[in-house]
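A.B. asks: Quick one: the structure is below, questions incoming.
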Amino acid sequence: MLSASTIWIAFGVYMVFLLGVAVFVTQKEKRQKVGGSLLTASVPWPVLVMTYIASLMSTWVFFAGPGAYYRGGLGYWISELSYIALFPIIAHFTMNKVWIVNKQRKGAFTTPADFYYDRFKSPVLRTILGIIFLAASFPYISSVLVAIAQAAQYATDGAINYRMAVIVVGLIMTVFVCIGGVKSAAMADTVQGLLFILMLWVIVIACLIVGFGGSLNLALDNLWEHTQSFFSYPGPSGWTPYAGRFGYPFSCAIGWTIMLPHVFVRSGYFGDNLKAQRKLSFLTPVLQAVVWTGTMMIGLIGLALVNNLAASESELIIPYMIKNFVLNFNPVLAKVLMVGFFVGASAVGLSTANAFLSVSSAIVSSDLIKNTFHINVPKSKETLVNRIIIAVLGLGSLLLAIDPPDLIFTLIMFSIAIVMPLFPILVAGLYWKKATKQAAIVSAIVGTVLVLLTYFVWNIGGTWYGAIGMLGSTITMVVVSLFTKQPESDAAPFYEALESGMKRYYVVKDKKSAKAAAKAGE
Amino acid sequence: MKLTKTEKIWITVVAIFYILYNIPGIPPYGEAIPTFIHAALTVLPLWIAVYIGLSRVYKIYKLRDDADEETASEKKEG
């Protein structure tokens, strides 16, 4: 539908924007003489919120998402709303406390494992966690490149070669993160995030106008008449049974929005103050609901227009509708929407890939090179070494994407599942002084093994994801902690930092403390 | 790390609605109207409980205005 040159020009313009942001951020830091690493950031709330949302959106919003609603129906959307709402409560009880400890450590944490080490003082645990978090990152970066290259191929009816697209996009991604680091990625997310949320809704409205004269009621009536299963569980393709309605959203609540390393550092380390953390908690569910509802609407309109697409075709429902419906209605609008779809999918995908690339580089440089192999890199050469690591990881992901394994998209959900068992260790570390490093190590291993069994032996990964692994790691954490001991002095500095941080940032005004204060006054 | 009463109530209420939403067998498969009613009685209150709880907890945990100033110990180190 589009010529190869149109796609390359659109992509080129977008890449110039990205590199412009990278150069701008780097120059600004030089002017302000702000030192700092490529791999850490402290950002105000608008940047924090948008970089977090953009990291969550990934290629899911333009690709897998509409297809998932097409197959899973309204029940799938309701199940997602059930987890989206949980973010403020999980963030309050965990990530805001992680943020406080990091602030008390003067922002020294770069990887998720840094936080765990601060609490448990175990180099072995740090190495295990580093490997798990790194394993969760690689498939994600590659899958984004695969999705963008497939979009380019589909949008141009094969005029753009898949491999060429992977190479170009992969190289640009690597260069962007090498130059600008994590701050540029966050800044680019802010500028483009709102734009592509808008683009998503433009596509929704355009498809509704073309398909049903702009009437949502007409689309709903059509669905009610022909595919009533859309409105109930388990959905048109049986995608949302009772178990799936729990397993998938629960995995998203823990794995997708908290524990994946790129969102862990954003929700736990990046806010420049606690007000920013609170804005993140407050706004994330609202923005996520706006985006996810737009994605659901595309699935809904697509199903109302054509209800017999194969699973692989339904993943590309946006370009399918543009090609088969919008093109006949208005060719210019179709071209504009197709370019918007391609650039939007690339942008939100690259946001996630950039975020993963920067955090996985931090994992390699901090958790593995510095703290596992004890190789000391001189301060003056840190940035250069980080850039080399980013380049190696970026090129590695590119090579994986050129000839991806069949399981590449299954591995994305596997990434979410594999980090879930680490959540109970985080909670125990924050709230239970008797939790030991031995328990944390065994718990991480048992949880990971259970997730591997869930996927590759029991073959129930598509329903339960990391839930069984998380249950196993929770039980292990409690039982092993009760049977092992760790000197209290190991965890004492952590709790001192947490308690003094709580006093530093909060004035607690509950009835109990008011009574205690009144008593003390008497 | 101790929790306030409000935090305990908050987490309990949210957990109850989350569990209510996930009770197997409800609503029955293939029934649209019960699906809407089920969502209205579980997911909607879940959202309301999260945001009401959030605002109450924020009222208890007031942010200090001077939090980002250096603490005495940091000044000494500096």
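Each Cβ is built from the backbone N, Cα and C atoms, and glycine gets one as well.
TrEMBL lists these features:
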- A:6-26: transmembrane segment (TRANSMEM)
- A:38-62: transmembrane segment (TRANSMEM)
- A:74-95: transmembrane segment (TRANSMEM)
- A:128-152: transmembrane segment (TRANSMEM)
- A:164-182: transmembrane segment (TRANSMEM)
- A:194-214: transmembrane segment (TRANSMEM)
- A:246-265: transmembrane segment (TRANSMEM)
- A:286-306: transmembrane segment (TRANSMEM)
- A:336-364: transmembrane segment (TRANSMEM)
- A:384-402: transmembrane segment (TRANSMEM)
- A:408-432: transmembrane segment (TRANSMEM)
- A:464-483: transmembrane segment (TRANSMEM)
A.B. asks: Okay, the transmembrane segment (A:246-265) and the transmembrane segment (A:128-152): do they have at least three CB pairs under 8 Å, pairs separated by 6 or more?
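C.D. replies: Yes, the transmembrane segment (A:128-152) contacts the transmembrane segment (A:246-265).
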A.B. asks: Give residue numbers and ranges for long-range contacts of the transmembrane segment (A:408-432): same chain, 6 or more residues beyond its ends, CB-CB under 8 A.
C.D. replies: 64, 93-94, 97-98, 112, 115-116, 119-120, 129, 132-133, 135-137, 139-140, 142-143, 146, 251-252, 254-256, 258-261, 439-440, 443-444, 446-448, 450-451, 454-455, 461-462, 465-467, 469-470, 472-474, 477-478, 481, 494, 498
A.B. asks: Taking pairs 6 or more apart in sequence, does the count of Cβ pairs under 8 Å between the transmembrane segment (A:164-182) and the transmembrane segment (A:38-62) hit 3 or more?
C.D. replies: yes
A.B. asks: With CB pairs under 8 Å as the measure, which of the listed stretches A:6-26, A:74-95, A:194-214, A:336-364, A:464-483 comes out on top against the transmembrane segment (A:246-265)?
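C.D. replies: Most contacts with the transmembrane segment (A:246-265): A:74-95.
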A.B. asks: Taking A:74-95, A:194-214, A:286-306, A:336-364, A:464-483 as candidates, which has the most Cβ pairs under 8 Å with the transmembrane segment (A:6-26)?
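C.D. replies: Most contacts with the transmembrane segment (A:6-26): A:336-364.
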A.B. asks: For the transmembrane segment (A:384-402), give me same-chain residues lying six or more residues beyond its boundaries with a C-beta closer than 8 angstroms to one of its C-beta atoms, as numbers and ranges.
C.D. replies: 37-39, 138, 141-143, 145-146, 149, 163, 166-167, 170-171, 173-174, 177-178, 181, 353, 357-358, 360-362, 364-365, 369, 377
A.B. asks: What same-chain residues lie close to the transmembrane segment (A:336-364): Cβ under 8 Å, and 6 or more beyond its ends?
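C.D. replies: Answer is 1-2, 6-7, 10-11, 14, 18, 38-40, 51, 54-59, 61-63, 110-111, 113, 130, 133-134, 137-138, 140-141, 144-145, 147-148, 151-152, 155, 169, 173-174, 176-177, 181-182, 185, 188-189, 192-193, 196, 199-200, 202-203, 206, 261-266, 318-319, 322-323, 326, 386, 389-390, 393-394, 397.
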